[in-house]
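Peer 1: Have a look at this one before I ask anything.
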Amino acid sequence: MTSQASSKRWVPLESNPEVLSGYLHKLGVEENVSLVDVLSPDLLDIVPRPVYAVILLYPLKSQQNTKATKEDTKVYFCKQTISNACGTVALVHAVLNNIHRLDCKKDSFFDKFYQATVHLSPDERAVRLEQSEDLDSLHTEFAQSGQSQAPSNSEEIDLHFVTFVCQQGKLIQLDGRLEQPVVYGNCEEENLLQEATRVIQQQFIEKDPNEVRFSILALAKNYA
């Protein structure tokens with residue numbers, strides 16, 4: 001089964017850690033885990049640990065290295081078929097690849113979606129995601145609650161979210177627009193933030209040094 005782009009279009013999410021954390025908590029992540037800004041590669045020490053995933057928002061005109069090794073992995077990977085759904089797909093990748101490390105509420109969206117799709121293909125997962133009316137409603141609610149005015153769902157957006165996780169000792173990039181995960185090399189869980197920001201710096205930011213619309217978030221333990 002091959003996924004096809006849907007006619008469905010969502011309002012894009014803002015890269016706002018407070019809003020996105022609220023969205024995660026509504027979807028089932030316990031409040032002791034949140035998204036935090038990664039302000040600079042020089043300020044990684046102030047990011048709470050452990051870090052479970054790193055999410056990058058970047059301009060699509062910035063050319064990333066898509067020639068990194070692509071290989072079979074056991075990561076949870078979901079294709080993106082809904083326009084402007086990349087933020088939600090990035091959160092799905094961040095959480096469901098850490099489902100056994102995170103405290104997700106029983107019978108929450110994340111709990112039920114994982115149980116229903118864990119044995120499905122990436123294309124089949126995309127269909128299930130597209131069919132979820134609850135997710136559609138929550139995405140819209142939080143897309144409209146950011147600090148800036150939300151664009152319409154028909155507006156063309158040139159920003160895109162992707163997720164980096166450490167699985168099976170590898171640093172893996174998950175992008176629902178691609179056919180499969182992108183594997184960058186060896187990585188230990190405790191070094192995920194350092195390795196992900198290094199790749200982001202080299203493969204995204206340095207290739208477009210005049211661009212300022214990069215944003216990095218870490219899914220991390222919240223000790224507040």
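Cβ coordinates are placed from backbone N, Cα and C, and glycine is handled just like the others.
Feature table excerpt (TrEMBL):
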type	residues	note
DOMAIN	9-221	domain 'UCH catalytic'
SITE	Q80	site 'Transition state stabilizer'
ACT_SITE	C86	active site, nucleophile
ACT_SITE	H160	active site, proton donor
SITE	D175	site 'Important for enzyme activity'
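Any idea what these are sitting next to in the structure?
Peer 2: On the 0 to 100 pLDDT scale, the model's mean across the domain 'UCH catalytic' (9-221) is 91.
Remark: Q80 (site 'Transition state stabilizer') has C86, V89, A126, G176, R177 as non-local neighbours, by Cβ distance under 8 Å and separation of at least 6 in sequence.
Under a cutoff of 8 A between CB atoms, and with a sequence separation of 6+ in the same chain, the neighbours of H160 (active site, proton donor) are L57, Y58, P59, L60, C86, D175, R177.
The secondary structure of D175 (site 'Important for enzyme activity'), as reduced to three states from DSSP, is coil rather than helix or strand. For D175 (site 'Important for enzyme activity'), other Cβ atoms within 10 Å of its Cβ number 23.
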Peer 1: Using DSSP and collapsing to three states, where does Q80 (site 'Transition state stabilizer') fall: helix, strand or coil?
Peer 2: coil
Peer 1: Just how many other Cβ atoms lie inside 10 Å of the Cβ on C86 (active site, nucleophile)?
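Peer 2: The answer is 24.
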